[in-house]
């Protein structure tokens, strides 16, 4: 098929009017063909342009598939909020006295294992407060024997632990972390870790011995705050020789240790980033030191509360998900605010099974 240019079309049109009417139809036939071809070409061009514009959108839709839910590799289960200490900066305070029935807690732990959990850390409150440590011991044994978790750990203030507990449950526990913010007993009293006639530091040394005797890896957690920020703990930490010394910057959580609904007023304990860095510099010779600033700490932990709800701390306060017992792990973890990249960046995954630590007991 041939196509006329606009100039040729005008010339042809003039020639039509010069011809007799008898030949008019023969002259118009090529014009109709030209018009038809022209409109067809325009329509084809427009369709191609629309396809080109649409392709990136379709690609974008394919790229914007919803992300897969996070895997609960390491979970911190605060099964109780009750505590026998009154640490001024505590960010998980005794707002309820609820503790799940043992079998319900086990059901939730099984759900977590099925979702990919490798490490469980029991915390509080003070976890040894419930049933004098028996509730905790049964959960520890369940996780190691029945769930076969690579790592089972506890964070405690250490004041209620007895040697009998190690005799009954020590073999099932990988790591015991004891909170110790100062080796000056007067500072411990100021912070709220006073034990009356007991000495927190002396008790820490006794627990270190029990951990060695019963083959439990020993760890120390310290919160750097206004009252201990100038203290040098290098020699004491080296003498105790923990596998890890976790050093946290004092953190404010609205509704827990600051704000109208809080049970603590932690503002007086807060230090700035520069002060925290100076404290870390002072302890740089401690090889087991693992620092955690507020930035690293806030969103890099998967925290379950006493109802087995994930707690989202992204907005500076704890916003609970629905319980994993009601909606399952995959649905609840979507609302956890968990930053998996920061978890890995802060060294959240490490050698955490005592079988792999190869310790010289």
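In case you wondered, yes, glycine gets a Cβ from its N, Cα and C as well.
Taken from Swiss-Prot as is:
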DOMAIN    69-289  domain 'Radical SAM core'
BINDING   83, 87, 90  [4Fe-4S] cluster binding site
MOD_RES   197  N6-acetyllysine
CROSSLNK  206  ubiquitin cross-link
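Annotated features, which come from Swiss-Prot, shown on the structure.
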residue : record                        : contacts (Cβ under 8 Å, 6+ apart)
83      : [4Fe-4S] cluster binding site : 90, 94, 124, 125, 126, 129, 157
87      : [4Fe-4S] cluster binding site : 191, 192, 193, 223, 264
206     : ubiquitin cross-link          : none
CB-centroid shell, 8 A cutoff, [4Fe-4S] cluster site 83, 87, 90, site residues removed: 85, 86, 89, 92, 93, 125, 126, 157, 192, 264
In three-state DSSP terms, the structure that residue 90 ([4Fe-4S] cluster binding site) belongs to: coil
Other CB atoms, at most 10 A from the CB of residue 90 ([4Fe-4S] cluster binding site): 24
